[in-house]
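Inspection log for the structure reproduced underneath, given as structure tokens.
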């Protein structure tokens, strides 16, 4: 870390933050166990350090520890945190309070939850600066308007008078950056600030955050699980796993020549790509469907065709009607007009009117495997239920089939008696896949099934799904907002926007020019593993 | 703003509708009470003719629905009717208007409730907020245990304990709270001290615990962590960041307890011989004085509805989502 060959990105370049041998324990299941196991981190003035890792790697805990803060249920048990000469590991609460919000600021993941709903945005923006008397309140307010302007917020003069619920998620995230910047801190901790945003919004927020950090030469720790995002922001990248440092290097070097096998595996996940195959035998289609939730119309004249044994990926931002389309197909939401056709036969619109056989042929897998399983049922009950219900299997036959299914999803018989709470996220999703398979369906609808999983686990699930498709000629409708996943699994792509289908076609057709405007915006907004991607994009777009 | 106004008007309309339903319930349940006033006054020995004549004079001979609509009609014109008591078989009428009977008593009750509320509400808020601020400390436990004790003790017992210590052993306050229209304000305050203190002890616990719970419930929110990381102190976090989001549940429990001060204080009134509306109603029930009973019941119902309406409105105006729609 104190490698003399390391280039200094700024003229000042002196060390601002020096964390040594940080150890943090967390309390769960009635005992303390280590979350951070002796990590070092050094940050110079004006530098941005990217912290990446999968969930549970401890990156957020380490980021907060850089402020001398540990959340309830965690405790710092060793190490030193030297911030500009002050050891935050030993500092009193009062000392730390005087630094927080003035010299060190924090930008949280969910802006919607992290703004106080009871106060106007401007009041929250200037709160810290005013409290510590950094400058008169009126000046802080004028300054906040300038920050809003610099962050390209609409109506910078008046947006501060709104309440948090009155602005969008992307705007809130930028207001939070303004709030962090208001007292002109030396260091800002960005804790997954764009994870909750749609990809097109993410680009704008990233661009404005980068611009303002550069403008004020603020040092930052940028925490994320998205490699491509961190590549745009950071000068250096540190990879964490299980609370330990895997490796650290300047961004360019880390992207092109990662040294550790773990880092390499993280990089390779994005390279997965299935060769597309055209299909003409349409197994399931919806034609000219309009659908609404009460008075709110969400689907407008949507038609989608699923060729047998192929994967159709539906992409679009939140609110574009992807999941509603799935609900219409399964009969959970009867459409206002239009039809659902399966094997050439028009299905009844509502779930309750469909026959058992029709139900059996279309199965569904959900994003949150946790909530899609009864926490009090064992794996055997969960997989056995569709076997009894659809196929009438009992006793020995049923048990053998469950073992077969477990084998298909690469788990062994020891899982039979486990409860969902005893499984990892990836294992839970595998059980959900086995449950869908148990019915021997023709079509499986996968609704964001990998979104909640870490990248390496995602890769495993995607490979499993592909293998099952080849073996049993299953058709997937794969709903996702992640373009990397789309590339990995799909034959055809449907792009949706505001409840309408923008285009449908083979993967190669959709992902190559000419693009309709929205597809172009969507595709160009997906961050790439190139540190200059954002710069180039902004130049081409002229934001 | 208009959305809030229309919501409030809707709630007000609903409140009035509720009051009508309640008036019907009051009327029919009083009609179902066993015995009637004429028999109570005239005694068992009265002839059927005298009873019938007396009933006719009071209007009790008409069918119930007609009597109900006559009652509601006159109440709507501000006329609560004439009390039955003071009449007798001799034909001499010394009866009084219900309004004249009820209003001084209601005023006394509101006075006691007001004095109690002025002590109890700020005290409960203070204890609740400080208990939340210093939660899981000795202070928190003592406050919790003390309030739990007072709420678990029957109120007449609290009253007698206070009389024992503050009126008998150390005669600081009078044990009788008998006041009338001529009593001066200072003297009134002095005389209601013990009943007000009793009621304070009874209602403070509920309000205090709810305030504490509402605040602590919010302390796990991400915006509270954000406030900490912006360098806010504990007291700033509680007062500035948690409390503004906790008003709705706190207002509801305060309204509930204030309503209790008006409608539930009869035991305390009896112990301290305080001339409040609770005693009046109990006396009226005993003597089958139907117009007075109905008037009291209606006032109680209106109190509940009005206070809950106020709590609802506080919940609305402290919620920026409702006050400032997108």
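Glycine residues also receive a Cβ, built from the backbone N, Cα and C atoms like all the rest.
Beyond the transmembrane segment (B:12-33), the same-chain residues lying 6 or more positions past its ends with a Cβ under 8 Å from any Cβ of the stretch are 64, 67-68, 71-72, 75, 285, 288, 290, 293-294, 297-298, 301-302, 305-306, 308-309. Summarising the annotation, TrEMBL assigns transmembrane segment to B:12-33 (among others).
Per TrEMBL, the feature domain 'ABC transmembrane type-1' maps to B:106-311.
Sequence-distant contacts of the transmembrane segment (B:110-134) (same chain, at least 6 residues past either end, Cβ-Cβ under 8 Å): 140, 143-144, 147, 188-189, 192, 195-197, 199-200, 203-204, 207-212, 215-216, 219, 234-235, 238-239, 242-243, 250, 254, 257-258, 261-262, 265, 274, 276. What TrEMBL records for B:110-134 (among others) is transmembrane segment.
Long-range contacts of the transmembrane segment (B:155-177) within the same chain, counting only residues at least 6 positions beyond its ends with a Cβ under 8 Å from a Cβ of the stretch, are 190-195, 197-199, 201-202, 267-268, 271-274. TrEMBL lists B:155-177 (among others) with the feature transmembrane segment.
Per TrEMBL, transmembrane segment is recorded for B:189-208 (among others).
Annotation comment: TrEMBL describes B:246-272 (among others) as transmembrane segment.
Long-range contacts of the transmembrane segment (B:292-317) within the same chain, counting only residues at least 6 positions beyond its ends with a Cβ under 8 Å from a Cβ of the stretch, are 4, 7-8, 11-12, 15, 18-19, 22-23, 26-27, 30, 71, 75, 80-81, 83-85, 98, 101-102, 106, 247-248, 251-252, 254-256, 258-259, 262-263, 277, 280-281, 284-285, 323. Per TrEMBL, the feature transmembrane segment maps to B:292-317 (among others).
Sequence-distant contacts of the transmembrane segment (B:246-272), counting only residues of its own chain at least 6 positions beyond either end whose CB sits under 8 Å from a CB of the stretch, comprise 109-110, 112-113, 116-117, 120-121, 124-125, 128, 155-156, 159-160, 163, 175-177, 194-195, 198-199, 203, 206-207, 210-211, 214-215, 217-218, 278-279, 281-282, 300, 303-304, 307-308, 310-311, 314-315, 318-319.
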